[in-house]
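What follows is a single structure, written as C-alpha cells, with notes after it.
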C-alpha cells in the first residue's frame, strides 16, 4: 500500500544519515510532495552535519591542549570596548572536555533572539564561570585597553562552580599578566568553543546591565543600543546631556564637557 506524504514525512524525520537507504527507495516516487519532503530532510541532515563539523573545528585549540595534559581550559572574552557608555564586561568559562554547545559561535554572529537559550546551555554545562566588570570611571582613568585586561583578570578571580581554578587560558586577542599558561587567539570567539562561550556570557551579562541603566537613565535607548553611539543615543545626549555612566574620555562625550 502506498504511504501518504504525511506518513513519509514522519519516517523521514527519524532518519539522521544521508546514506540511509530509504532515500534511495523514495527516488522512484514521482509525487511532487514526496520529492519536496526528501529534499527538505536531506538539507536538514546536511545542516546538522555541517554544524557538527563546525563545532569540531571550534574545539581544535582545546583538543591540542587536551593532548598536552590540560583539562581545565578557560576561555576568556570581553564585551563593551567600543560603547560610549557603561562598563566593559569580561567572562571566563571552563567547559568540560570535548563539550559542544549547539549554535555556539562568536556572539556577534548569533541572532540576539538565541543569546539567552545558548547562555542558559552554557550555565548548565560549564564547570565554572567568572565575570569581571570594570566601570566607565576606571575606563576613563586607565584607558579601555587596560580596563579590558583588568576585567579579564577579575573574571578569572571570580570563577564560581565545580571548578574555580583553570590550568590553561585561551584568550581572545589579549595577553594577561598571570602565572597561568595562556594562548592569545585572534578572532578567538569564532575559533574556540571556550572563548565563544565566554563571549556569550559577557554579552548577555552586559546587555542586562544596560537594560537596568535604561530604567535609571531613560532617553538614551540603552536597552537597545547597549551604550553604542547609535542615532538614538546621540540624540539622547543632545537632549539630556551626559550621564554618570558615560565615558568622558570618549568622543563626542569629551567635547561636550
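Backbone N, Cα and C define each Cβ position, glycine as well.
According to Swiss-Prot, the divalent metal cation binding site annotation covers 77, 78, 172. Sequence-distant contacts (6 or more apart, same chain, Cβ under 8 Å) of residue 172 (divalent metal cation binding site) comprise 75, 76, 77, 78, 184, 185, 187, 188, 189, 195, 198, 199.
Swiss-Prot lists 71-257 with the feature domain 'RNase H type-2'.
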Which of the listed binding-site residues (77, 78) has the least company, meaning the fewest other Cβ atoms within 10 Å of its Cβ?
78
What does DSSP say about residue 172 (divalent metal cation binding site): helix, strand or coil?
strand
Where does the mean pLDDT land for the domain 'RNase H type-2' (71-257)?
97
